[in-house]
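Have a look at the structure below before the remarks.
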Amino acid sequence: MYASREDIGYDFGDDSKVGSKPVKPNPNIDGGWAWMIVLSSFLVHILIMGSQMALGILNMEWLEEFNQSRGLTAWVSSLSMGITLIVGPFIGLFISMCGCRTTAITGGILNALGWILSAYASNVHYLFLTFGVTAGIGSGMVYLPAVVMVGQYFQKRRALAQGLSTTGTGFGAFLMTALLKYLCTEFGWRNAMFIQGAISLNLCVCGALMRPLSPKDLCEKYVVRSDSEENRAKALSHSAETIKSNGVLSEEPEKKEEAANEEVLGSVQHIEIGGKSGSGRNMYGLRILKTVSQLTVTVRKGFALWYSSYFGAASLFTNRVFVAFIIWALFAYSSFVIPFIHLPEIVKQYNLSRQDNVFPLTSIIAIVHIFGKVILGVISDLPCISTWNVFLMANFTLVTCILTLPLMQTYVGLAVVCALIGFSSGYFSLMPVVTEDLVGTKHLANAYGIIICANGISALFGPPFAGWIYDITQKYDFSFYIAGLLYMVGIIFLLIQPCIQKKQPREKSTEEAQV
């Protein structure tokens, strides 16, 4: 059912040619420092995604403090979640130019600043700017590098590695819900946000752990991937013309550009050597010139890769399955976010606060979510199992739970549905794996940036929409029904496109045979 990027003719030029000599794999690929990257990504998910999943606690505090409508107040949480993901394509540009480590450290500082400034909010609109925009952008600058680095460091156990790292969302939702409840009770919501801002500075430490792989290491990874998958080599040699028509990145212009850049840097170095023999007064200016030249080269190369991924001949949007993936992402994420934001209100509406205080429904989702990510990751790494099929089955289960949740009005019924939501939403750990299968490791940052941007749009409008529907009907039922139906539309796109993509080459080959 799943058409990989080789099946549909998309290579994007990121796989190296399989050489005749065996290449010794880097010990850090699938081992060594790779597990430190998993730890770093795990902590990032706790501090960012876990905190966002616990915003239902702060949402209730803001409702009482500012006396605004549920729809307007929900925009604070939605902006934070949405902007974290929407900025993905632009964060891809930062990663191309500065690398994952620098981007993540900068984002950690910005995220902490957003939390701290929000402690002094005088109205909801102030929170839009400080918490929604500032903290949201900072979160995005840390979240995307955390996902991309795991994809770079793992090949054989990608699904398991992504599953382990993203379980931080579940742990974080459980821990942060309890922490924010305690902090709000003991110190008030303002001091709670100030303390959370100080905790968020640990994101800078997580970013420092993101040691980049050298280009040589990445090449070795591509060669190992090609050696381990014979059908990939066959797909690559199938038709050179087909690959060109689908928009492979041209390597010759890149080589020419690199040669020109090296020539510029070489001339600067030559002038610097001459300056040493002549006069020492110009040395400081020459060093500045050399630094500026190196920075310019880095920015140009990063921007060229980012631009070609979106608008060039090798645009990611020429991959129809990837486009269907984007459409699915536009509808999917809100169905997962809405329960986290509005479940505390639903529990209060059904007079179930006493049971929920003993074991919150959001904590049930968070705990089972942890096991769901790991189990689905392990299953997807099995050689006889298709990652795509596991991904689709989890989506079907989740959309069924979203449509069923409004029918449950007892704590036990809600707890069962929330547990299924937590397990099936474990497919989030498979999203980077599916994306990498479609576009390759080289374009993973930009491609996954687009996917989480679509998720961000979904998260941005989902909770306010649910709050707006409640303000009209005084019920959350229609919010879940509409979100579930839109989610189903996205799943249908995922089912249709691979079938169309497989059918087209067959029709084309039949026409050529007739000619």
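Using N, Cα and C of the backbone, Cβ positions are placed for all residues, glycine too.
Please treat TrEMBL annotations as automatic predictions, because they have not gone through curation.
Here's what TrEMBL has on this protein:
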type: DOMAIN; residues: 37-502; note: domain 'Major facilitator superfamily (MFS) profile'
type: TRANSMEM; residues: 33-55; note: transmembrane segment
type: TRANSMEM; residues: 75-95; note: transmembrane segment
type: TRANSMEM; residues: 102-120; note: transmembrane segment
type: TRANSMEM; residues: 126-148; note: transmembrane segment
type: TRANSMEM; residues: 160-180; note: transmembrane segment
type: TRANSMEM; residues: 192-210; note: transmembrane segment
type: TRANSMEM; residues: 321-341; note: transmembrane segment
type: TRANSMEM; residues: 361-379; note: transmembrane segment
type: TRANSMEM; residues: 386-405; note: transmembrane segment
type: TRANSMEM; residues: 411-434; note: transmembrane segment
type: TRANSMEM; residues: 446-466; note: transmembrane segment
type: TRANSMEM; residues: 478-496; note: transmembrane segment
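By number of Cβ pairs under 8 Å, the transmembrane segment (160-180) is matched best by 33-55 from the list 33-55, 75-95, 192-210, 446-466, 478-496.
Spatially, the transmembrane segment (321-341) is not adjacent to the transmembrane segment (102-120); fewer than three Cβ-Cβ distances between them are under 8 Å for residues at least 6 apart in sequence. Here the transmembrane segment (192-210) does not touch the transmembrane segment (446-466). Their Cβ atoms form fewer than 3 pairs under 8 Å, with each pair 6 or more residues apart.
By the Cβ criterion (distance under 8 Å, sequence gap of 6 or more), the transmembrane segment (478-496) is counted as touching the transmembrane segment (386-405), at least 3 such pairs being found. On the 0 to 100 pLDDT scale, the domain 'Major facilitator superfamily (MFS) profile' (37-502) averages 77 in the predicted structure. The transmembrane segment (33-55) shares the most Cβ pairs under 8 Å with 75-95, out of the stretches 75-95, 102-120, 386-405, 411-434. Ranked by Cβ pairs under 8 Å to the transmembrane segment (386-405), the stretches 75-95, 102-120, 126-148, 411-434 are led by 411-434. Highest Cβ pair count under 8 Å relative to the transmembrane segment (102-120), across stretches 75-95, 126-148, 411-434: 126-148.
For the transmembrane segment (411-434), the list of distant contacts is 147, 150-151, 158-159, 162-163, 165-167, 169-170, 325, 336, 339, 343, 346-347, 352, 355-356, 359, 361-362, 364-369, 371-377, 380, 387-388, 390-391, 394-395, 397-398, 401-402, 404-405, 444, 448, 451: same-chain residues at least six beyond its ends, Cβ to Cβ under 8 Å.
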